[in-house]
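Undergrad: Have a look at this one.
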Amino acid sequence: MQYFPIFVDTKELNCLVVGAGEVAARKVELLLKTSATITVVAPWACDTVQRLADEGQVTLHTRGYESSDLTAKQLVFVATDDSQLNIDIHHQAKAQNILVNVVDNTPLCQFITPSIVDRSPIIIAMSSGGVAPVLLRYLRQKLESVIPQKVSLLGQFSEKFRETVKARFNSVTKRRYFWEDILDGDVAEQVLQGNNSKAEQMMQDKLALDEHDSGKGEVYLVGAGPGDPDLLTFRALRLMQKADVVVYDRLVSKEILELVRRDAEKIYVGKARSLHTVPQDEINALLADLALKGNRVVRLKGGDPFIFGRGGEEIETLVEKGVSFQVVPGITAASGAASYAGIPLTHRDHAKSVVFATGHLRDNSINLNWPMLAQPEQTTVFYMGLTGLPVICEKLIQHGLPDTTEIALVQSATTTEQKVVAGNLANIQQKVAEAGIKPPALIIVGSVVSLREKLNWFGADA
């Protein structure tokens, strides 16, 4: 992050704008939305700047720039067509620790003006760091279209009751829960419809309740999907942004964690092959204890929590402890990996059934019903099977599958790090070694793998 986004109090801010053409005028008009004092210096002024000066909204000096113009200024915009003058002002301002922006010249900018969605008192500011202005305009248009203009009324309503709510609830957590319920319920709807008197009465009624928060939290068992953040469900994202605490494992990507509420506590309990960071029974107890302390806890798991995610064990403990919970399904790794590798798990000409199995190696063996797994016209998917690949291939051949049976391994499915290696039961181990495949990787066995060459749409083979 080269540019750190901040919001500056403009009540006593003195701003200098050098230049008074159309470009400078746009900066002046933007500054006029604030409480800043604005001085403009230029040999001439366009009609807009001249009108604003005549109306007394800005101070205009119709002359050339002088170094003394920087005196007592905290912010400077430079918008002239004299490149040397722009450079000189940049260096002079920087030497005096005055923030300076030379319009459309990023190397000479100590700060940049963001793209703004204004719903005062709610302000959304975005920036591309000057590298993608067209994309930024596109995103702003999207936000403008989905955020109601009347959101500003909600901001004003919240400001009116802020101190009352603060006095009513003695903890930050209880206040946040209260406001989340208000903004997600009927009170907010009344405000957006312009029914302020009704909204205020409803607000007073809610504040008068004996106890808004029971003091008992809840656990949300959330499937984070196979890796790509775009594959999260809406509900998963909504709960992630409500959480007080997030308990996550190794398969949850950094990009997905970035979507969690910024000030939520994050607890890593990740498990890797041969290394269990936190025993499962301790994780189960941790979830219950956190919720019983009044927290909203998101248990974030890669894939789907009920498919080799041990979600059932975790909620059994919650039931025993009397903790409320919700389960949010996620796209399981098998579905994500197969889709992004161009391998349909079922196909009328290849597979009439699909079986999910764990390939986890224990004591150099995998205890599975191999005759059932080694069936023709079937797709078998092995989770956590990379280390056990030699055993899987040996057992499938031993129980009747030809060594020419197609097999594929998909590493880091649905992400930019995805790799796919395809082969057959006889040669796949060598191919995997040559490609340097690492966990997390999924194994797909069956003739559907032969369709990859035709159906692949996401990336190339490793």
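Placed from the backbone N, Cα and C atoms, the Cβ positions cover glycine too.
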Undergrad: Per Swiss-Prot, what member of MET202, MET372, MET384 joins PRO226, GLY302, GLY303, ASP304, ILE307, THR332, ALA333, ALA413 in binding S-adenosyl-L-methionine at one site?
TA: MET384
Undergrad: Out of PRO226, GLY303, ALA333, point to the one nearest GLU22 (NAD(+) binding site) in space (Cα versus Cα); all of them are binding-site residues in the record.
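TA: If we rank PRO226, GLY303, ALA333 by Cα distance to GLU22 (NAD(+) binding site), first place goes to PRO226.
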Undergrad: Could you tell me which three-state DSSP class GLY303 (S-adenosyl-L-methionine binding site) falls into?
TA: strand
Undergrad: Setting GLU22, VAL23, PRO43, TRP44 aside, what same-chain residues sit with their Cβ within 8 Å of the center of the Cβ atoms that define the NAD(+) site, listed in sequence order?
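TA: Everything else in range on the chain: GLY19, ALA20, GLY21, ALA24, ALA25, ALA42, ALA45, CYS46, VAL49, ALA79, THR80.
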Undergrad: Identify all same-chain residues not among PRO226, GLY302, GLY303, ASP304, ILE307, THR332, ALA333, MET384, ALA413 whose C-beta atom falls within 8 angstroms of the centroid of the S-adenosyl-L-methionine site's C-beta atoms; report them in sequence order.
TA: GLY225, LEU251, PHE308, GLY309, GLY330, ILE331, ALA334, SER335, GLY336, ALA337, TYR383, LEU442
Undergrad: Quick one, of the binding-site residues PRO43, PRO226, GLY303, which Cβ has the fewest other Cβ within 10 Å?
TA: PRO43
